[in-house]
Amino acid sequence: SSTSTWRLCASSAAVSRLTTRCSSATIATTSRINKNLPNKNILTLHLRHFSNDGCQNQQHDTYEQGHYYPGPKQQRPKRIILVRHGQSLGNVDETTYTHTADWRIPLSDLGRIQARDAGRRLHALIQNEKYFVYHSPYARTTETMEIIKKELDSEYCIGVRSEPRIVEQQFGNFQIYDDVQESRDERRKFGRFFFRFPNGEAGMDVFNRVTSFISTIFRDTHYMNVEGISMDELNIVVVTHGLTLRLFLMRWLQISVDEFEEMYNPDNGFLAVMERQTSKCGSKQWYKLTQESADHLRIKQRTVDPLLFDDVKDDDTK
């Protein structure tokens with residue numbers, strides 16, 4: 001297997017064989033003196049990085065005469081595309097929630113058309129590139145996903161996964177319509193993020209669910225990369241709900257609570273597209289919401305790395 005190289009100032013007796021055990025990996029190393037270097041005290045260590053399941057880590061770092069040169073970080077997918085489900089019967093008539101469980105409410109006829117159109121727009125965007133789909137297990141999002149998939153080339157599908165962490169906010173007991181309407185009126189007054197529905201969730205709870213889900217995206221795409229799937233042609237598609245979509249972007253783009261409260265709910269079948277950006281030196285990758293998506297949601301355009309927690313300047317892109 002391929003190796004990365006560390007160069008350290010050391011004598012030939014400094015290291016003969018070193019095994020370092022970490023909480024997440026075991027790094028096996030072998031060493032030798034690099035005979036081609038003028039300084040015979042520079043030791044070259046060939047390291048193989050392994051995860052717990054034996055998969056080789058893709059990052060390659062170099063140490064030479066006390067200087068550290070970080071290798072490229074984990075490669076990230078070309079796009080992350082968030083899709084709001086098509087119109088549901090609950091969107092047409094809110095009394096539907098009083099006699100049908102929220103997660104069982106299907107699409108309306110118009111919602112199926114919106115899902116089909118979303119699939120066609122998605123196909124025009126990704127064309128013959130690979131894609132992996134996460135979807136909320138609710139009936140309306142599952143149906144939207146199935147209709148979208150019919151518009152895409154199945155041979156490029158890496159996989160589909162039902163993901164409970166991206167379901168709709170839990171609004172409590174829908175059976176009493178007047179109580180639900182009263183709670184929604186209170187939420188408009190006090191804000192969507194912190195207001196908690198009786199026996200339900202606050203927007204902050206959904207935010208926490210989404211934060212955990214984002215970590216899963218990074219882990220899954222890392223394993224895909226290890227398996228040889230090129231990140232340069234991989235699209236992550238997330239079929240979810242309006243509020244969950246906005247909270248996903250709030251978390252990823254580090255949008256403030258005040259900005260979140262001003263954000264518009266996306267139309268049914270809308271695609272919010274985040275495109276990967278790369279720094280000039282190639283050592284950083286992050287995502288930027290397309291201008292069309294930012295305009296639709298009425299949010300300020302920004303480019304933020306969710307792992308580094310710092311703003312990335314546009315002039316750092318190529």
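Glycine is no exception: its Cβ is also placed from the backbone N, Cα and C atoms.
Keep in mind the model is a prediction, meaning the values are calculated, not measured.
The active site, tele-phosphohistidine intermediate annotation in TrEMBL covers His85. What TrEMBL lists as active site, proton donor/acceptor is Glu168. According to TrEMBL, the substrate binding site annotation covers Arg84, His85, Gly86, Gln87, Ser88, Leu89, Gly90, Asn91, Arg140.
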Most Cβ neighbours inside 10 Å, all chains, among the recorded positions Arg84, His85, Arg140: His85
Arg140 (substrate binding site) and the residue listed as 'active site, proton donor/acceptor', Cα-Cα, nearest whole angstrom: 11
Set of same-chain residues at least 6 away whose C-beta sits under 8 angstroms from Ser88 (substrate binding site): Ile105, Pro106, Leu107, Ser108, Gly111, Arg140
Gly86, Gly90 as binding-site residues, winner by CB count within 10 A: Gly86
C-beta crowding around the residue listed as 'active site, proton donor/acceptor', within 10 angstroms: 21
Reduced DSSP assignment, Gly90 (substrate binding site): helix
Max pairwise CA distance, angstrom, over record-listed substrate binders Arg84, His85, Gly86, Gln87, Ser88, Leu89, Gly90, Asn91, Arg140: 15
Secondary structure of Arg84 (substrate binding site) (DSSP, helix/strand/coil): strand
